[in-house]
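Participant: Encoded as structure tokens, here's the structure I'll be asking about.
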Ligand SMILES: NC(=O)c1ccc[n+]([C@@H]2O[C@H](COP(=O)([O-])OP(=O)(O)OC[C@H]3O[C@@H](n4cnc5c(N)ncnc54)[C@H](O)[C@@H]3O)[C@@H](O)[C@H]2O)c1
Ligand SMILES: O=C/C=C/C=C(\O)C(=O)O
């Protein structure tokens, strides 16, 4: 039984909030407990972060800070297997996935933003003045301060370091609230922080739930200077309300109901491979994933059949087994939510091409597994076509013209990402520009260059992170005007 403690001012401490069980999604067993932070610990964490900001971290030369960030990346890689095991304990995802994406990106985020901060400049404007002597304006960047980092459970280490790395690179200090479902890697990172010599108080972790618990205690704390959040749109609304008190800036990466568009001139094998990942990777629990597919009439039947075959080909089981290609979803509650949508699709008269329920997984009866599922035949207002399910499922609708396909893709309050498949160059540019999203992939999915702007349009978020855009959020620009 592992006990996850809060990490405050460089030390692991019990919280005064309730202790709750940590389940292994692969078996449903309780394998740990989480000591949640009460108001007192959140207060202590924010205080420690403030002291570090005003103390050693704030005074540290950039080169030294950058060297420490690189040590953090190396420190994660040096304990790669422990991070991998921790992420799998929390999420049950296959080791083949976590070892290629979650852990390497967790480390890479620190290197990427160590590089970025070194090449991030500011602005300078010369101006005329009536006396003819002129003035010069230049801006400087300063850390925003103490940043509250609220994280989801789907890619715990990757999404947390995606925020913590640029925040630290810019000289801020952080208080992280990991998802209550996934406390492990954020806690383990505390050990690495101490081991590489990050000053105490720079990185703090408070555990617990959201409403009326550690999450809310943190976002409403007056000592927080900015909040960065990844999670559901409704939670984003609550966080934005909390941030309004004191006029604190927010960066919100929220939910989606992403459309994939496959034209009949697409390379079908490539499209199937990419869309297969977009629908089913991480058991469909990727914010960028595709839950609405629109396929041009000429290849519709063929594509539906091939994607259904792909859906039927996944193997569940032990995440460490090489043969396992799909893990469980995060929790019993989330499994029930996904299955409730499977039931809604059936009741609405969907044609179920693959899946549609929960599989029997030999030896893992208590695991939170759901079948990869492909539906057709529902109208645009059916719940599984409009709502973010966050499961391994997708609904396919045929379309005829390019205009119709784009209009279908845009028929959603969300606008996070899209994946368009075509071999027509003009159509690729046109459709990618017309779909109202923050991130459009053409003939690919989840191909990430970390210098690019990342975030959502419409109800999928506010602000962009990545590259210079992270620098913009995690620093305050100050203009200095000098009369000559
Ligand atoms: N846009 C993106 O980049 C992106 C990336 C990953 C996940 N997501 C989204 O995240 C969701 C899945 O993650 P989730 O279920 O963990 O999201 P969630 O919104 O339920 O929880 C996210 C975090 O917010 C905390 N929280 C909840 N209520 C709070 C409150 N009132 N005040 C402060 N904190 C609160 C939770 O404890 C958790 O740490 C999906 O909607 C998915 O699309 C978006
Ligand atoms: O589930 C959402 C995945 C988000 C991915 C990133 O934030 C990233 O690749 O930086």
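Including glycine, each Cβ sits where the backbone N, Cα and C put it.
According to TrEMBL, the record shows the following:
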- 253: active site (ACT_SITE)
- 12-479: domain 'Aldehyde dehydrogenase' (DOMAIN)
Participant: Looking only at the domain 'Aldehyde dehydrogenase' (12-479), report the model's average pLDDT.
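Facilitator: For the domain 'Aldehyde dehydrogenase' (12-479), the model's average pLDDT rounds to 98.
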Participant: If you draw a 10 Å sphere around the Cβ of residue 253 (active site), how many other Cβ atoms fall inside it, taking every protein chain shown into account?
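Facilitator: The answer is 26 other Cβ atoms.
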Participant: What three-state class does DSSP give the residue listed as 'active site'?
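Facilitator: Its secondary structure by DSSP: strand.
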